[in-house]
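Copied over from TrEMBL, here are the features:
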- 11-258: domain 'Nodulin-like' (DOMAIN)
- 12-34: transmembrane segment (TRANSMEM)
- 109-130: transmembrane segment (TRANSMEM)
- 142-166: transmembrane segment (TRANSMEM)
- 172-194: transmembrane segment (TRANSMEM)
- 206-232: transmembrane segment (TRANSMEM)
- 238-258: transmembrane segment (TRANSMEM)
- 345-546: domain 'NFD4 C-terminal' (DOMAIN)
- 349-367: transmembrane segment (TRANSMEM)
- 373-396: transmembrane segment (TRANSMEM)
- 417-435: transmembrane segment (TRANSMEM)
- 441-460: transmembrane segment (TRANSMEM)
- 472-499: transmembrane segment (TRANSMEM)
- 519-540: transmembrane segment (TRANSMEM)
Amino acid sequence: MAVLKEGSRPPWVGLAAAVWVQIAAGSAYTFPLYSPALKSVLGFSQQQLTIIGVANDIGENVGILPGIACNKFPPWVILLVGLCLSFFGYGVLWLAVSQTVLSLPYWVLWLALVVATNSSAWMGTAVLVTNMRNFPLSRGTVAGILKGYIGLSAAVFTEIFAMVLNDSASDLLLFLTLGIPIICLAMMYFIRACTPASGEDSSEHVHFLFTQAASLLLAVYLLTTTILKTILSLNNSISYILVGVMVILLMSPLAIPLKMTIFPSHHKRPGKSDGSSNDLTEEEISSSQTASLLTPISSEADLGSFREGEDISEVDMLLAVGEGAVKKKRKPRRGEDFKFREAIIKADFWLLWLAYFFGVGSGVTVLNNLAQIGVALGVNDTTILLSLFSFCNFLGRLGAGVVSEHFVRSKTIPRTFWMMITQILMIITFLLYASALSGTLYAATALLGICFGVQFGVMIPTSSELFGLKHFGIIFNFMQLGNPLGALLFSGLLAGYVYDTEAGKQQGSHCLGPNCFRLTFLVLAGVSAFGAFLSMILTIRIRPVYQMLYAAGSFRLAQASDH
């Protein structure tokens, strides 16, 4: 691995490559595109389909293994595992839907979808952890951008599905089987750890603004072209041109390293020589990335030159403490590096987990059943509905990073405040769904997409602020377990049962009318209310910590490395 100076081009090359990997990692959001084919070709009931949907969410969000692996292996190894899982998982689903292989057991398809979507956890962990460590002073912004793109991926795949694959579910699954591994193989070289900058840089702010603007332009373009495809009859040539423009927009973040190559900056940071990082070994760089993200300037945790590495025996440590060589190790405080076993016993950890669980669990229930919700309420072509949710999900993820970053720095307002606000809005959204009033379906879907996206954009940087970056991979992946557990409880057991019960009353396999999901929406409104209450408690608890960390307006990046 090349050793890189702070502020050099490769971190931005890695961020641009991460955009493509995040789009590929968003393959789990394509489930609504091929779920009708699973139901019709394989003869599933709605409850069987929702249980398959739970497999989709379990695979996507169970990332404990990649969370552990990201501290032991380079990013390319994590991406390699992800592409293998994607190839084999989606390959089995393609064999079933295309009827190349007949009569595959239900449990085989369930496991295949878990394997396929678990590739998202491996790919997402690799790029998110690497880029959060490469840009440690802009973690909210980075998390918002990367999670925004993965939220936008549903619209990207919908565009390909409608304009290139002619709405063919089997072709889509074949595309996922082959396309995702190709993207990962092409990008894995560029996803690498780099030496982070130790201070603020005005050009970095401009570069992030450009990346955010480019992603917003892509989102608007995708929504517009999807609507045009639905309203107008576009021939294949025009459709291919529109997809080509989409690909160019996806490449736009590469303009930053290109600009830095053509117009190199000769700015030097105070106190840094040109060779400040040239002599660092790969091991030293890797270990420095795992240091605490932000340590308050007034920290009293100075242990001098004696580091408490894992290879130092307890006897040696006790002798050193007794001789006064080092101070006795204390438990980490908020904002410092927690081990997973240290974080999991904290009240803040479980408050954040529960608030996230109620927020995303209720939102993913609607996402998994969005096609059926649309049909039940009289919308036969749900493509626009899915694209609208994807677009607004992107806005929520990107906006959560931008807005929370602004207010946490200017007003020291914890990011979880925005989780509370959006969960209150989700109550209104679910009541709109339950009312089934004319003209409210699209408005409710748009509002829910924004609120759903905010949960991701808030949870990720908050977990790194409270518990540090060293074990961030496993901590945030454990947080994400709230998604599949919520899907199992609210989608698989509640929504599927209510739908099938109502369909039985109508003496058919499909349910029509507002009663198909009304009880589900009322329950989800109550769930969101409880989630908002927990978010409020957490916000009150951690506000003093944010005031301590951000009031001074400056931090130092801990440069300690483990030996």
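For all residues, glycine too, the Cβ spot is worked out from N, Cα and C.
TrEMBL entries are annotated by machine, without manual review.
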Task: Flag the pair the transmembrane segment (417-435) / the transmembrane segment (172-194) as in contact if three or more Cβ pairs fall under 8 Å (sequence separation 6 or more).
output: no
Message: Are there residues at least six beyond either end of the transmembrane segment (206-232) with Cβ under 8 Å to its Cβ atoms? List them, or say none.
response: 12, 15, 19, 138, 141, 144-145, 148-149, 152, 155-156, 158-159, 162-163, 239, 242, 245-246, 249-250, 252-253, 255-256, 381, 383-384, 387-388, 390-391, 394-395, 398, 402
Statement: If one takes Cβ-Cβ under 8 Å and requires six or more residues beyond its ends, the residues near the transmembrane segment (172-194) are 1-2, 4, 8, 10-11, 13-14, 16-18, 20-21, 23-24, 27, 30, 33-34, 74-76, 79-80, 82-84, 86-87, 90-91, 93-94, 97-98, 116, 119, 123, 126-127, 130, 133-134, 157, 160-161, 165, 285-286, 289
